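These come from TrEMBL:
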DOMAIN    16-54  domain 'Sphingolipid delta4-desaturase N-terminal'
TRANSMEM  53-72  transmembrane segment
TRANSMEM  78-100  transmembrane segment
TRANSMEM  112-133  transmembrane segment
TRANSMEM  161-181  transmembrane segment
TRANSMEM  218-239  transmembrane segment
Amino acid sequence: MRKGGEMREEDNEGVVMANDFFWSYTDEPHASRRRQILSQYPQIKELFGPDPFAFFKIAVVVSLQLCTAIILHDAGWLKMLAIAYFFGSFLNHNLFLAIHELSHNLAFSTPVYNRWLGIFANLPIGVPMSITFQKYHLEHHRFQGVDGIDMDVPSCTEAQFVTNTISKAIWVIFQLFFYALRPLFLKPKPPGYWEFINLAIQVALDGILLYFWGWKSFAYLILSTFVGGGMHPMAGHFISEHYVFNPEQETYSYYGPLNLMTWWVGYHNEHHDFPRIPGNKLHKVKEIAPEYYEGLDSYKSWSQVIYMYIMDRSIGPFSRMKRKLSKKSA
């Protein structure tokens, strides 16, 4: 693999910034590692299958967040913002990652049940995204880093404007918008039956909140979603998962305490190797096959990842691995 393109002029710290992505001329690493691990440790297949407690965990968080929104219907804006950042953001980001888990059908064996549960988990997030997310996320797994297909990779437009510490900090604050809107502009998909169901149910819930409890209850949910996806410890996983800090590695795991609140999405190498294993069992993959993971770079703090991303002058939206579509993947 190589770093493509030329380099920008040096800044006064002597650090150069790239103007192209990392380009790999091999397939993504997870399929081959999966085959190797399963040939050596076939018992890992016993970990495949749904998490029987997923519905209960999602129901608790949805109920807690909606009740909080109702309680805050007449709260002051400063109080609401503080609660949204220090409490509601954790709940809504938990639900976003529950939807990630459900996109892999890891709550029920029957896919349609996972879709319905995803729509339910979507409710406190405030905007419909569960069904659309699944479409693009499964492509991210199958075509990791493939130019024009993997919408997890920032666009060239983003990368060309985000070139210094200040613009990177702004980008991090608004990264949820880039993450959500990027595929709609670069690779739009026509909405289907399930998108309209997701939209109708979400609009109905939002309308009920507005009618009975007013704008502040609804605003609390939106604020919780926004701040939880920006300059927030939970949002560090957006950067830590695939931003290249080591040119020889394109996926990174996080082994810190926030995994308890994020469906263990930090075990990201393990997740991409075995997307059919629910998050609460991914640690067992590392325990069974430690030699495949202990030599890889990993993180213990998502907050530190955000800090490194902003302050390291050589890191930015171009710090992602890309590849052309191979005939095997097509």
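Keep in mind that glycine also has a Cβ here, set from the backbone N, Cα and C atoms.
Heads up, TrEMBL stuff is auto-annotated, nobody curated it.
Keep in mind that what you see is a predicted model, and the values were worked out from it rather than measured.
Of the candidate ranges 78-100, 112-133, 161-181, 218-239, 78-100 has the most C-beta pairs within less than 8 angstroms of the transmembrane segment (53-72).
Within the same chain, the transmembrane segment (78-100) packs against the transmembrane segment (218-239): three or more Cβ pairs sit under 8 Å, each pair at least 6 residues apart. If one looks beyond the transmembrane segment (218-239) by at least 6 residues along the same chain, the residues whose Cβ comes under 8 Å of a Cβ in the stretch are 65, 68-69, 72, 75, 80-81, 83-85, 87-94, 96, 124-127, 169, 172-176, 179, 206, 209-210, 254, 258, 261-262, 265-266, 268, 301-306, 309. Each residue of the domain 'Sphingolipid delta4-desaturase N-terminal' (16-54) gets a DSSP state, and the totals for helix, strand and coil are 18 helix, 3 strand, 18 coil. Within its own chain, the transmembrane segment (112-133) is flanked in space by residues 54-55, 58-59, 61-62, 65-66, 69, 91-92, 95-96, 98-100, 102-103, 105-106, 180, 183, 189, 191-192, 194-195, 197-199, 201-203, 205-206, 218, 221-222, 224-225, which lie at least six positions past its ends and keep a Cβ under 8 Å from the stretch.
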